[in-house]
Structure formats: C-alpha cells, structure tokens
C-alpha cells in the first residue's frame with residue numbers, strides 16, 4: 001500500500017469513529033439531561049443550562065417524586081403506582097410465560113389437524129392494533145367485575161401476551177428433534193412427563209427471553225393502563241404522565257425527571273443485566289434463523 | 001382414560017384457543033359491528049350502515065390524524081432505516097468497543113415511550129431546553145420551537161421516535177450483516193473489489209428479508225404510536241399532532257363517541273393488515289427452496 005492510501009485509510013477510520021461516537025452522544029443525551037436535571041434545584045434549572053452539570057447536588061426531587069409529587073389533587077408520589085406495576089407485571093409475566101411454554105410445546109411437538117391454522121390465527125393476533133379490542137374489553141371487564149382493578153389489568157396483559165410467548169416457545173421447541181418425543185412415548189412417558197423431564201430443563205434461555213420481553217412490554221404499557229385502570233390501580237406509566245401533566249402549582253421539572261427515571265429504572269436494569277436476551281426477544285420473529 | 005391421554009395436547013391448547021377466539025376475533029367482530037351502528041355514549045346494536053365511516057372521513061380532525069400518520073410513519077421508517085443501516089455497517093468494520101456502542105445505541109428501546117416523551121418534552125421546550133441553551137451560548141436568534149408550532153410539532157414526534165427505535169434497527173441489520181457468508185466476502189476482497197462495492201453489490205442485496213422485517217416492525221410501531229404522542233404533545237397544539245391512535249382514544253374515552261372510536265379502530269386495523277398480511281402469508285407459506 002502506498003503511504004497516501006494508508007493516510008486516507010487512517011482518515012476514514014477516524015471519521016468512522018467520529019460518527020459512531022457522535023451517535024452515541026445523541027442516544028445518551030436525553031438520559032444525561034434527565035439525570036442532571038433531576039439533581040438540580042429549580043432555581044438552578046431556571047438560571048443554568050440544560051447541558052451543564054449540577055452545581056449543587058440535591059436529592060430532594062427524587063424524594064418528592066417517590067413519595068409526595070402531585071398528580072391532580074393526589075400527592076402520593078410514584079410509590080403506590082410503582083407497586084401497582086410490580087403487582088401487575090409479576091403475575092402477568094409468570095402466567096403468560098407458563099401458558100406460552102405449554103402452547104409452544106404442543107405446536108412444536110404434538111401436531112394435530114388444524115394446529116397450523118390455529119397457530120396462524122395466534123400469530124395474526126400479535127399484529128392487531130389494540131385499539132380494535134379496547135371498547136369490547138372495557139365492557140367485558142365490567143361484566144366480569146374486574147374493571148379498574150389490578151386483576152383486570154393482569155387478565156388483559158395475559159390475554160394479549162400469550163401470542164408472543166407462544167411464538168417464542170414454539171420456535172424454540174421446534175428445533176428439538178421429534179425422535180426424542182417418540183422415543184419417550186415408546187418408553188411410556190406421557191405429555192406432561194415428557195415436558196417436565198425433557199423440555200423444561202432445556203428451556204432456560206427461552207424462558208429468560210420470554211420473561212424479559214413480557215416484563216418490558218407490561219411494565220412499559222400505557223394504553224391498557226390508562227384505559228382500564230381505576231384511581232387506585234394505575235400503573236407507574238400512567239402515574240408518571242399524570243404527574244408530568246399536573247397543572248397545579250409550579251412546574252417542577254427536576255421532580256418530573258426524577259419520576260421518569262424511577263419509572264424507567266426496572267426495565268433499564270433488566271436491559272443492562274440481560275441485554276443479550278432482550279435483543280433476542282426483540283429480534284425473534286423478525287429475523288429468521 | 002385413553003381418550004384423555006390422546007387429547008391432552010388439545011386440552012392444553014383449549015383455554016388459549018377460546019381466549020384468542022373471543023378476545024381477539026370476537027372482539028374485532030364486536031368493534032366492526034359497532035362501527036356499523038349509531039352508537040354514541042352507549043353501544044347500540046341496530047345495524048345502520050357505513051354512516052360512521054362517512055362521518056369519520058368527513059371529520060377534519062381525522063384528516064389531520066391520517067396526514068400525520070403518513071408524515072410521521074414515512075419519515076420515522078425511512079430515517080430509522082437509514083441511521084440503523086449506517087450504524088450497522090460502521091460497527092461492522094472491526095470497531096473497538098463495539099459492545100459498549102451497541103449497548104448505548106439500543107438502550108432507548110427498553111424505555112417506556114412515556115419516559116421518552118417526558119424527556120424530549122423537557123429537552124425541546126423552548127423556554128428552558130435546547131433553544132434556551134444555544135441562545136445562552138451567544139446565538140441570540142437561534143430558534144428551535146417545533147414543540148409549540150402546530151405545523152412543526154409532528155416532527156418532534158419523529159425525532160423522539162427515531163431516537164427510540166433506530167438502535168433496534170441497527171441491531172437487526174447488524175445481525176443480518178454478520179450472517180452473510182464470509183467466504184464470498186473474502187473472495188471479493190481477494191479480487192480487489194472495494195469495500196463500498198462489496199456492501200452495495202453483495203451484502204445488502206442478500207439482506208432483503210431483513211429490510212422487509214425492519215419495515216414491518218417500524219410500520220407496526222408507527223401505526224400503534226400512542227404513548228409517545230400523549231407524553232410529548234398530548235396531540236397538540238390543538239389537535240395538530242393527533243394520530244389515529246390518539247383520535248380513537250379521544251373518541252372512546254373523552255368524547256363518548258363509540259361509533260367513531262370503533263370506525264377509526266377498524267381503519268387502523270385495515271392499514272396494519274394491508275402491510276402485515278402479505279408479509280405473514282409469505283412467512284407461513286411452506287418453503288421449497290431450501
């Protein structure tokens with residue numbers, strides 16, 4: 001290679017890194033701004049710059065966001081709603097994952113006539129805009145007597161989550177050779193015996209994918225939360241939106257930002273700890289093979 | 001007993017079968033029916049015809065919502081794909097700290113859109129956000145007030161949505177780039193074909209299915225976009241940033257117009273199906289070529 005070519009190559013590499021770092025800053029900027037704003041006093045926010053570090057650290061906005069920020073006339077902070085989200089997400093994730101695992105096991109290994117059609121119907125259901133079920137679901141939850149309650153929200157999240165969980169497990173179990181099931185059947189093992197002895201022990205990766213996907217979806221959900229929750233059962237996303245748009249009193253941007261970080265923390269934590277599985281969930285079904 | 005043994009798989013699927021039948025297909029049918037009645041505050045079941053759809057398409061607010069969907073959806077999809085592809089190709093050049101960069105690009109996808117909207121609302125507010133910051137640096141005339149300008153506010157939603165989803169598109173494309181047969185690439189390199197030609201003539205054409213997947217996922221996100229609009233602009237100023245999803249919600253829960261809500265939901269579903277059905281069909285068709 002001539003020295004000129006080497007120079008232009010080095011320039012190219014520098015340019016490459018410059019672009020990549022510029023984009024990294026673009027993605028990080030909102031998080032940075034949220035964090036620094038949440039640690040500034042209102043006085044400093046008014047006089048300082050968006051991008052500057054706090055001159056004097058204050059954790060008061062965090063305390064207020066957690067336990068006393070007002071949404072309308074209610075001043076309880078995010079705390080009760082954070083726990084609502086936990087109480088809603090944990091059972092909904094567990095139930096939809098268990099149902100998805102069993103469904104996927106049947107679709108992958110116990111084919112019967114009409115199974116493919118049913119699977120297509122489930123897959124189709126993953127793509128509907130939820131707006132199309134919002135009205136009848138509101139009526140149905142009323143009929144069932146669980147409108148505006150956390151069990152109601154759990155029910156909705158399970159129903160509309162099993163499509164994806166079934167897809168995850170089916171695509172995973174399909175790679176396990178059918179001879180294994182056939183041999184186990186010859187040995188006299190039944191449906192559940194085979195599931196618990198052979199399939200479940202192999203399932204840790206896909207259970208992780210399913211749990212992370214469902215948790216992220218349910219924790220971050222806003223549409224079902226705002227449509228089907230009552231005053232005492234609102235999930236954290238709805239409470240965050242109410243706090244931010246609360247018109248009473250002075251606009252406390254630092255409290256808003258602290259509240260936003262608190263609402264985002266659980267899914268962000270999951271992403272940092274188990275990013276690999278998070279990405280697998282995102283790409284499952286959209287990238288084949 | 002033997003019957004039970006034989007039918008266990010079907011019995012296991014039965015609850016899901018009933019649930020999907022009732023809560024997906026039954027509910028779609030219910031909404032479709034309501035969209036053909038005179039329902040207002042309460043559902044009424046007497047068939048009326050396509051009056052709700054005529055009212056819907058005559059409503060200026062729905063017009064704005066559909067226009068916004070095409071502006072927002074088009075820009076969101078194109079920009080996310082361009083940024084995603086560019087970042088994926090750049091990251092594919094044996095970059096140091098690739099793992100860290102990937103993590104940084106993708107983390108917004110883990111956030112709730114309400115959080116994203118709240119953050120960008122603060123960054124974009126003209127009084128204390130970017131505009132004020134740049135002015136404080138000495139550029140007194142710098143203006144960046146899209147958030148409060150009716151004709152520009154929709155672009156703030158594009159900006160926030162691209163911020164959230166482009167890293168995900170990058171991950172999709174990067175996985176695609178990595179799955180291209182390295183033998184072919186090495187052979188091309190040996191033949192002295194320049195890198196940009198290798199990408200444009202060999203690698204990118206083999207990734208056509210990934211472009212399609214990314215398009216489907218992004219289009220789906222765009223049509224369902226609701227939380228982000230609520231958090232960032234709440235449909236405003238006025239209803240300048242309404243999307244079909246926020247229109248539907250307003251009709252259903254604040255205007256008490258079930259007929260309009262049902263009709264707009266049905267239109268949303270048809271738009272999604274027009275995009276997704278051909279895709280699903282091609283996915284589910286038995287493959288002979290492998």
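Think of each number as a place in line: the chain as shown, counted from 1.
Cβ coordinates are placed from backbone N, Cα and C, and glycine is handled just like the others.
Remember, TrEMBL labels are computer predictions, not curated facts.
Long-range contacts of the transmembrane segment (B:12-36) within the same chain: residues 43, 45, 47-50, 52-53, 258-259, 262-263, 265-266, 269, each at least 6 residues beyond the stretch ends and with a Cβ under 8 Å from a Cβ of the stretch. Among the features that TrEMBL reports, transmembrane segment is placed at B:12-36 (among others).
Taken from TrEMBL, the feature domain 'ABC transmembrane type-1' applies to B:66-281.
Residues or ranges marked as transmembrane segment by TrEMBL: B:69-91 (among others).
Residues annotated as transmembrane segment in TrEMBL: B:103-123 (among others). Tertiary proximity for the transmembrane segment (B:103-123) is limited to same-chain residues at least six positions away from its ends with a CB under 8 Å from its CB atoms, namely 87, 129-130, 147, 156, 159-160, 163-168, 170-171, 225, 227-233.
Taken from TrEMBL, the feature transmembrane segment covers B:152-177 (among others). Counting only same-chain residues 6+ beyond the ends of the transmembrane segment (B:152-177), those with a CB under 8 A from a CB of the stretch are 68, 71-72, 75-76, 79-81, 83-85, 87-89, 91-92, 102, 104-109, 111, 113, 116-117, 120, 124, 145-146, 203, 207, 210, 213-214, 217-218, 221-222, 225, 228-229, 232-233, 236-237, 240-241.
What TrEMBL lists as transmembrane segment is B:198-223 (among others). Residues 69, 72-73, 76-77, 80-81, 84, 89, 161, 165, 168-169, 172-173, 175-177, 180, 184-185, 188-189, 244-245, 268, 271-272, 275-276, 279 of the same chain lie 6 or more positions beyond the ends of the transmembrane segment (B:198-223) yet place their CB under 8 Å from a CB of it.
Residues annotated as transmembrane segment in TrEMBL: B:261-281 (among others). Same-chain residues lying 6+ beyond the ends of the transmembrane segment (B:261-281) with a Cβ under 8 Å from its Cβ atoms: 28, 31-32, 34-35, 39, 52-53, 55-56, 62, 65, 69, 212, 216, 219-220, 223, 244-245, 247-249, 251-252.
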